[in-house]
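Undergrad: One structure follows; several queries about it will come next.
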Amino acid sequence: MVCGSIANEIIRVRLTSGGMSRELLTVVQNSSFTLFGDGKLVGIGCRRNITVYERIVAGLCGVSPDSRYFTMIRRVRRKTIKINEKRNAIGGEPKEAAKEVLEFTVIEEVCVVEEEHGADWISIPDDTLIGIFDVLNYRDRASLASVCQTWRRLAASNWLWTSLDLRAHTLDAEMALSLASRCKDLTRLRFRGAGPANAIIGLKASGLRDLSGDVCRDLSDATLSMIAARHENLESLQLGPDCERLTSDAIRVVAVCCPKLKRLRLSGLRDVDGDAIGWLVKMCPNLTELAFLDCLAVDEGALGSVSSLKFLSLAGCRNISWNIAAHTLGKLPNLNALDVSRTEVTAGAVTRLLGVPQLKVLCALNCPILEDNSDAVSYSSKTKVLLARFTDVVKGLESLFPDFFRSDARSSAGIETLLGSHSGQTRPVRCENKNLDRREWVEWVLSHALLRIAESNTPGLDSFWLKQGTAIMLSLLKSKQEDVQEKSATALATFVVIDDENAAVHKARAEAVMHGGGIASLLELAKSCREGVQAEAAKAIANLSVNAEVAKTVATEGGIRILAALAKSPNRWVAEEAAGGLWNLSVGEEHKGAIAEAGAIEALVELAFKWPSGGEGVLERAAGALANLAADDKCSMEVAVAGGVHALVMLARFCKHEGVQEQAARALANLAAHGDSNGNNAAVGKETGALEALVQLTCSSHEGVRQEAAGALWNLSFDDRNREAIAAAGGVEALVALAQSCSSGSQGLQERAAGALWGLSVSEANSIAIGREGGVAPLIALARSDSEDVHETAAGALWNLAFNPGNALKIVEEEGVPALVHLCSSSHSKMARFMAALALAYMFDGRMDEVAAGAALCENNGRGGGLDAARKLAMRNIDTFVQAFSDQPTLQAATMSWAPSCLSVVAESARIQEAGHLRCSGAEVGRFVTMLKNGSAVLRGCAAFALLQFTMPGGRHAMHHASLLQKASAGRVLRGVAAAATAPLQAKVFSRIVMRNLELCPSDTLLSFL
């Protein structure tokens, strides 16, 4: 699919071939549309009413734009819709209808007909169609070739296959053979990696003039020599970065085989000797540009013999004697511009070089030795331009190219904001042709230098980035050179990141890009038909969107729809970066709805099926975006409807990449978090292999995977069926093992491990199994954590476990009483204190005594200090806890009148808001009712306090607990406690409040037992 306006290109073609009226020219200029690979024409954001499309198509078809009768021809077997029907369905006049028409208007197989005759797409002149095909990438061109025989013939025209970018694809011998018939006139080729380089000769593109390769670390001398021998017409060769396997021998072969060479750019070579440079001088008389970047050694003396050179870059090269280099380079008669960025060049060498009459531009960015002695540099700024951190780079560029910061009116305002007064000067905006080569070189040098500086993340550059660097990069985005646009976008994506591990960006830098109009520029590039530019622009948008303010701007300027469209790209790199942008944007709650409306959820789900293997980057980003979206209740439903549950489970089951596993587990956890409002929790549990996969992931060697898998199991355990299924899948054993091994892990991992065991332990059978598998000891250890989240979940799990007398005894034996007492008395979390108190109450309400009687538990063993001592310690702290929520004068006042107002005051002071989210079983409620009759005043007070929390109006499960109290015949017990003269004050008042809570329950059946 191609995103972006192609109107200007169509205008160019039609003016060449004739037949387009000025009226139609105006219409097209005020419209934009996208041509999709399946033969559809899609209008985007048309600024006029729907007749604009009629007039565009009329002009393309060579008939009168006044012909208003449109029909649809089913030459492609798809559902067709008449444009007039769409307009009439909206109702009203055409101008009014334009306000209601959808943003995307699809026109399939449109033909313009007059009353007597008609015309369709076949009647479009061949040169016009070729012009349309020319602005498409080869992938979309191939798709359009399947529409009809005419289009197939035109799409196969060699003229259209003069340039290929295969960086996103694996070029092997078979693919090269299939493309060979179309590559007879191929002049420009871009590839990635050593593998495709070996297959280049299979294209049989003997006329190739421009060859560019990325990621050439494994490219060998033999491969490069073979390529050079088969392409003697090469004029430009660019390879990098880190071509560490290439040697000077390969340079000699290139010189001999490619005598027409004008430009040679090589990066990362270990050594460039004088003999290799000598062969370039001897065999390549037209060589005007040479770049040896980041090389370990370059024979600087030999460079002085390349008399044809106009542009030279030695950026990043080490082991250069700059005194010798300044002397030899000064002898080059045609040297116009030199780049020594990121080197150890000295102030003396720079001064000497700037004294060379023919040298006009010297780029020396990020040169530490030079910057430390910048005061020693002497030159005439009227005739020379020095681009360095300590000079006014912006002013220097404007003196070279007056329109450098004025690419278009829309962006200039933002860039002028960054630059202050410099770009406010009135200058001519036409660049002389004689400066074109120099401008292209300067743009390339700057984009490369700024990218490498950004990648190094050198500290202390904030001032440079904010005052000059940002504005320069934004201007480079407007370059006509594709590789400059890509590098500039990549530099923007890189320089804002200050902590990649934690996804942190530099606030001031990100907002400087935003205020400079960079978001609009990047979105425009993202709509380009060039996939490399699309990918890098989307990456920059993704990183910048980590900043909340920038994210808002991206959304406001239509970035979400653009990223959603790019996520559907058949190019994996483009889809990956687009998914990353949606991932970052989906962090903001305010963007989730817009992402869903843009159709991004379906696109993200589809990515999981499109690249089930080999696309780990795109899968991780897609799963991460879905995880964020699933946190929203409405979006979680849309994820499920789009097939997200199945897709995410498949990733969790079969993908071996840890990043993908982590995000898939997180997404499933978020989907399962809405159990009360939708059926996603149950749906995940029903998906084949889901629970087994998550249980298996808790054993992963990657902590993030273990954490998210445990979190997913925790959420899923809230469903009764899932809880038992998790246990059947080995979840108890796996989670106990996780709890035992996570003592040195992150707090998030510890919390989720304890939480998952808490969720499983709701079932008494699971609770017993957890105790049997050794889960008590690690939970006690987690209960001692200083983290509130960790010890709160551990207290919840121990509360559930303590319900079983056998587990209660294990807690005593494992010295759990002191840990629970500490929580009950010292935790800052009310919930942790509450659940610790309830666990202690379960342990010492008498049910454990029967188990303890048969155990060989000594009165004063070394672990627990004896059962009686533990009981006394527990009772004392339970009483202290309840007293903390009881104001004695208020209680006394309540007993004097039992007035509802007095009871309300007591209830609100005793209420723990979070306790309203706890859900108890009938057995647990029955146990608290029984505890109200216990001989211990402390336990009676604790039981009444617990029932008060569970029945407070507004609580999530208050009605459920009220129903359980009815089944337990609690009314009589509560009345007895409230009326007993010997009952403790807290128990009396709290029981009366529980009765009042039940009276407030709307069910008549509940009132009957009171």
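Keep in mind that glycine also has a Cβ here, set from the backbone N, Cα and C atoms.
Annotated domain 'F-box' per TrEMBL: 118-164, in sequence order. The annotation repeat 'ARM' is assigned in TrEMBL to 517-559, 558-600, 599-644, 689-731, 730-775, 774-816.
Show me how these features fit into the shown structure, please.
TA: Helix, strand and coil counts from DSSP across the domain 'F-box' (118-164) read 30 helix, 4 strand, 13 coil.
Same-chain residues lying 6 or more positions outside the repeat 'ARM' (517-559) and placing a CB less than 8 Å from one of its CB atoms are 2-6, 45, 135-137, 140, 165, 167-168, 190, 410-415, 470, 473-474, 477-478, 482, 485-487, 489-490, 492-494, 496-497, 503-505, 507, 510-511, 566, 569, 571, 573-574, 576-578, 580-581, 583-585, 587-588, 590-591, 594.
Broken down by DSSP into helix, strand and coil, the repeat 'ARM' (689-731) contains 32 helix, 0 strand, 11 coil.
Per DSSP, the secondary structure of the repeat 'ARM' (774-816) breaks down as 33 helix, 0 strand, 10 coil.
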Undergrad: Mean pLDDT for the repeat 'ARM' (558-600), rounded to an integer?
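TA: That stretch averages a pLDDT of 95.
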Undergrad: Which residue counts does DSSP give the repeat 'ARM' (558-600) for helix, strand and coil?
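TA: Breakdown, helix to coil: 32 helix, 0 strand, 11 coil.
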